[in-house]
Amino acid sequence: GILSLVKGAAKLLGKGLAKEGGKVGLEFIACKVTNQC
């Protein structure tokens, strides 16, 4: 169902973020927190 699709997408995103490294993730979190996205 939809939940399994969401879980699969989340896993792929997690792997992608891990490959890109923590820097990109931290920048994204920072811009979200400061509403600069």
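Just so it is clear, glycine is given a Cβ too, placed from its N, Cα and C backbone atoms.
Other Cβ atoms within 10 Å of the Cβ of Cys37 (disulfide bond) number 9 in total over all chains. Annotation source Swiss-Prot lists disulfide bond at Cys31-Cys37.
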All-chain count of other Cβ atoms within 10 Å of Cys31 (disulfide bond): 11
DSSP three-state assignment for Cys37 (disulfide bond): coil
